[in-house]
Amino acid sequence: VHLTADEKVSLSSLWGKVNPDELGGEALGRLLLVYPWTQRFFDSFGDLSSAVAVMGNAKVKAHGKKVLDSFSDGLKHLDNLKGTFASLSELHCDKLHVDPENFKLLGNVLVLVLAHHLGKEFTPQAQGTFQKVVAGVANALAHKYH
């Protein structure tokens with residue numbers, strides 16, 4: 001992902017305000033609710049029958065944190081996202097059989113959650129920067145698909 005110096009500063013500053021414990025669960029929970037067909041990949045998570053169940057689900061929160069921790073790692077390697085996410089791409093492709101379109105959906109949900117939590121600090125320019133990054137991460141995660 002190519003970012004300008006200003007975009008990198010903005011990205012770093014805003015991401016420093018993110019709490020992966022909180023936002024990860026919210027982003028994954030919203031994905032599962034807005035795009036309910038994604039729930040089939042999370043059969044082991046227990047009750048996902050309602051918004052209250054999904055958003056309060058400890059496994060959703062824990063996996064959401066894990067997702068954002070991986071995303072944070074990717075932010076440290078913007079020049080090598082495919083390498084950074086190679087093993088996760090392989091896992092999601094070969095073992096989990098996740099439709100790579102879901103990575104784009106989750107990226108867009110994450111941008112929405114960031115906008116909600118960061119408020120006025122999440123300017124249109126910041127949104128543009130994050131959209132570039134989530135698109136790059138989604139592309140990297142889809143890299144191992146045939």
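Backbone N, Cα and C atoms are what each Cβ position is placed from, and that goes for glycine too.
Sequence-distant contacts of His63 (heme b binding site), defined as residues of its own chain at least six apart whose C-beta falls under 8 angstroms from its C-beta, comprise Gly24, Leu28, Phe42, Phe45. Positions annotated as heme b binding site by Swiss-Prot: His63, His92.
Annotation comment: Swiss-Prot describes 2-146 as domain 'Globin', evidence class sequence analysis.
Val1 (N-acetylvaline) falls outside any helix or strand according to DSSP and counts as coil. Sequence-distant neighbours of Val1 (N-acetylvaline) (same chain, 6+ apart, CB under 8 A from its CB) are Leu78, Asp79, Leu81, Lys132, Val133, Ala135, Gly136. Look at Swiss-Prot and you will find Val1 tagged as N-acetylvaline.
Cβ-based neighbour count (10 Å, all protein chains) for Ser44 (phosphoserine) stands at 6. Marked as phosphoserine by Swiss-Prot on the basis of similarity to another entry: Ser44.
According to Swiss-Prot, the feature N6-acetyllysine maps to Lys59 (among others), an assignment based on similarity to another entry. Lys59 (N6-acetyllysine) counts 15 other C-beta atoms within 10 Å of its own C-beta, drawing on all protein chains shown. DSSP assigns Lys59 (N6-acetyllysine) to a helical segment in the three-state reduction.
For Lys82 (N6-acetyllysine), the count of additional Cβ atoms within 10 Å of its Cβ stands at 15 [all protein chains shown]. Among the features that Swiss-Prot reports, N6-acetyllysine is placed at Lys82 (among others).
Summarising the environment of Cys93 (S-nitrosocysteine), the number of other Cβ atoms within 10 Å of its Cβ, over all protein chains shown, is 17. What Swiss-Prot lists as S-nitrosocysteine is Cys93.
Taken from Swiss-Prot, the feature N6-acetyllysine applies to Lys144 (among others).
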Alpha-carbon spacing, Cys93 (S-nitrosocysteine) to Lys82 (N6-acetyllysine), which is rounded to whole Å
14
